[in-house]
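Quick look at what TrEMBL annotates:
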type: COMPBIAS; residues: 12-31; note: compositional bias 'Basic and acidic residues'
type: COMPBIAS; residues: 39-58; note: compositional bias 'Basic and acidic residues'
type: DOMAIN; residues: 104-544; note: domain 'Major facilitator superfamily (MFS) profile'
type: REGION; residues: 1-69; note: region 'Disordered'
type: REGION; residues: 289-311; note: region 'Disordered'
type: TRANSMEM; residues: 102-127; note: transmembrane segment
type: TRANSMEM; residues: 139-158; note: transmembrane segment
type: TRANSMEM; residues: 170-188; note: transmembrane segment
type: TRANSMEM; residues: 194-219; note: transmembrane segment
type: TRANSMEM; residues: 231-249; note: transmembrane segment
type: TRANSMEM; residues: 261-278; note: transmembrane segment
type: TRANSMEM; residues: 335-358; note: transmembrane segment
type: TRANSMEM; residues: 378-397; note: transmembrane segment
type: TRANSMEM; residues: 432-449; note: transmembrane segment
type: TRANSMEM; residues: 455-478; note: transmembrane segment
type: TRANSMEM; residues: 499-516; note: transmembrane segment
type: TRANSMEM; residues: 522-542; note: transmembrane segment
Amino acid sequence: MDNDTGKIAAQEIDRESPKEHVGPDLEEKIENGSSPDGSLHKTEHGAEVSGTKEKDVEMVETEIQDPEPVKVPRSQRRGLFGRFSILAEVEEPKHYPRRTKWYITFVVALAAVAAPMGSAIIFPSLLQISDDLHTSPTITNLSAALYMLSMSIFPLWWSSFSETLGRRTIYLTSFTLFLLFNILSAVSKDIAMLIIMRVLGGGAAASVQAVGAGTIADVWEVRERGRAMGIFYLGPLCGPLFAPIIGGALAEKFGWRSTQWFLAIYGGAVLVFLFFALPETLKATKSPSSETEKDLASDGPNLARTTSRQSVQRKTAKHIKTAKRIFLDPLKIILYLRFPAVLITVYYASITFGSLYLLNVSLQTTFSKPPYNFSTTLVGLTYIPNSIGYVLASLFGGKWTDKIMAREAKRAGRYDEKGKLMYRPEDRMRENAWIAAFLYPSALVWYGWTAEKGIFWLVPLVANFFFGIGSMLIFAMATTMLTEFMPKKASNGVAVNNFVRNIFSCVGAIVAQPLISAIGNGWLFTGVGVIATASSAVIWAMRRFGPRWRQVMDRELNQAG
């Protein structure tokens with residue numbers, strides 16, 4: 001992203017110690033704030049003021065309108081087949097009208113359904129696949145576990161390429177591959193072919209996990225990004241909500257292969273929708289005219305004499321640069337983990353995500369056997385309670401974090417020269433995080449022992465509802481924070497999160513069955529609950545050291561940029 005974008009991002013998120021620089025017309029309104037309850041209090045200059053001053057500032061803030069978006073001519077639109085998009089590309093995506101921003105959020109959320117749907121749709125039919133392909137349940141679980149592993153690795157490349165090739169090109173390319181690999185999964189002759197095709201299909205669909213969050217960061221200002229990210233996450237959460245139900249019903253009536261055909265049909269429909277409905281949202285690094293002039297200059301005849309050795313050296317350097325861009329540059333994304341703020345945020349989200357996949361495997365294993373003996377369709381229905389929790393937390397949790405972030409900025413008196421609040425990513429991790437840190441480990445222990453003792457099926461499933469709320473609060477909070485830690489490379493922050501957390505989920509899916517067989521649900525989820533509770537120290541660390549860590553990270557990233 002270019003320097004102009006970096007400047008905009010720097011204005012959105014406070015990158016230095018708290019300041020109170022304001023314009024002359026707003027100085028008095030901002031400086032003379034009130035306490036949260038609207039009572040009188042003294043400012044640093046010792047003057048007492050009323051609570052109405054802060055309201056004046058808020059009113060000024062809400063009256064600031066984004067300028068009209070400047071449309072890019074159809075012939076100069078970027079991205080693969082960009083001129084076919086019905087919605088016009090604009091020079092500054094954040095200037096889109098709000099209804100257009102919500103439309104783009106909906107389109108990306110619809111695409112984001114594919115990857116988690118591909119993961120969850122197969123859970124109710126794992127035993128059926130084992131019987132049909134003549135393999136053990138543990139080997140069959142690899143088709144789910146390695147799918148998650150591919151979702152951790154491939155986004156590194158999708159994210160890296162999206163920052164140069166654009167979002168639209170990545171969406172169209174990845175969904176074309178998703179369609180192809182799911183067709184091949186549906187006609188698999190043995191378990192090896194199924195696992196390989198699912199790995200490739202999961203890696204293709206995983207593009208949206210990183211690039212989708214980048215698109216949200218492209219079009220939404222920081223003050224509303226938490227809510228937008230929560231709505232975006234409804235897409236990935238609709239996968240776990242509906243996929244087991246659809247997968248169970250399809251597998252029981254038509255066999256497990258029908259689940260893969262369903263994914264192929266869904267991927268094809270999304271591909272067509274993206275082709276016509278989604279413009280490029282990554283802000284252009286240069287104007288189209290300057291790019292054209294550069295291309296003409298580079299393609300023009302070279303009148304200088306060039307020896308054969310120089311020609312070979314230039315071609316070799318070009319090939320090395322291309323290879324580096326393809327194979328090495330995406331791996332650099334992992335280096336963001338050297339920053340403590342990124343590392344602990346990713347770690348906390350990954351612990352939560354890993355426990356989710358332990359739970360997913362446990363549901364299939366536990367409720368398909370005595371004393372429950374659920375059919376394939378009913379096993380699919382057991383995934384509904386935690387998914388309802390995901391949806392509720394997604395709808396309300398993002399807006400909640402936005403309010404918390406604004407509240408913290410007002411308390412600190414952080415305003416820019418235009419009177420707009422200056423936000424800090426670490427402010428999103430406040431009481432919402434503590435509630436989530438208590439809720440989801442408790443729900444895991446609750447589920448583990450009630451499932452272990454064979455208590456009436458509703459009791460462990462109610463626990464899963466509360467697990468869904470707690471875990472989703474953490475997922476959305478962590479993802480939004482990572483886009484704000486690295487505003488110039490928003491999709492990279494999400495990609496490194498996906499890389500680590502999907503490794504955790506892969507390990508969870510692999511070890512779940514052996515651990516349940518060895519120690520049972522009760523002790524397994526008690527142990528996971530203890531680890532999750534201990535990991536909540538991340539919240540305290542972010543509160544205590546977060547501002548210092550972020551400032552060091554900002555300086556290093558700005559110097560590198």
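Every residue gets a Cβ built from N, Cα and C, even glycine.
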Selected stretch (most C-beta pairs under 8 A with the transmembrane segment (499-516)) from 139-158, 335-358, 432-449, 455-478: 335-358
Long-range environment of the transmembrane segment (522-542) - Cβ separation under 8 angstroms, sequence gap at least 6: 341, 344-345, 347-348, 351-352, 355, 358-359, 362, 426, 429, 433-434, 437-438, 440-442, 444-445, 447-449, 451-453, 512, 515-516
Paired segments the transmembrane segment (261-278) and the transmembrane segment (170-188) in contact, 3+ CB pairs under 8 A: yes
For the transmembrane segment (231-249): best-contacting stretch of 102-127, 139-158, 170-188, 194-219, 432-449, by Cβ pairs under 8 Å: 102-127
Range from 102-127, 335-358, 378-397, 432-449, 455-478 with most C-beta pairs under 8 A to the transmembrane segment (139-158): 102-127
Which of 102-127, 170-188, 378-397, 432-449 contacts the transmembrane segment (335-358) most, counting Cβ pairs under 8 Å: 432-449
Segment-level pLDDT (mean, integer) for the domain 'Major facilitator superfamily (MFS) profile' (104-544): 86
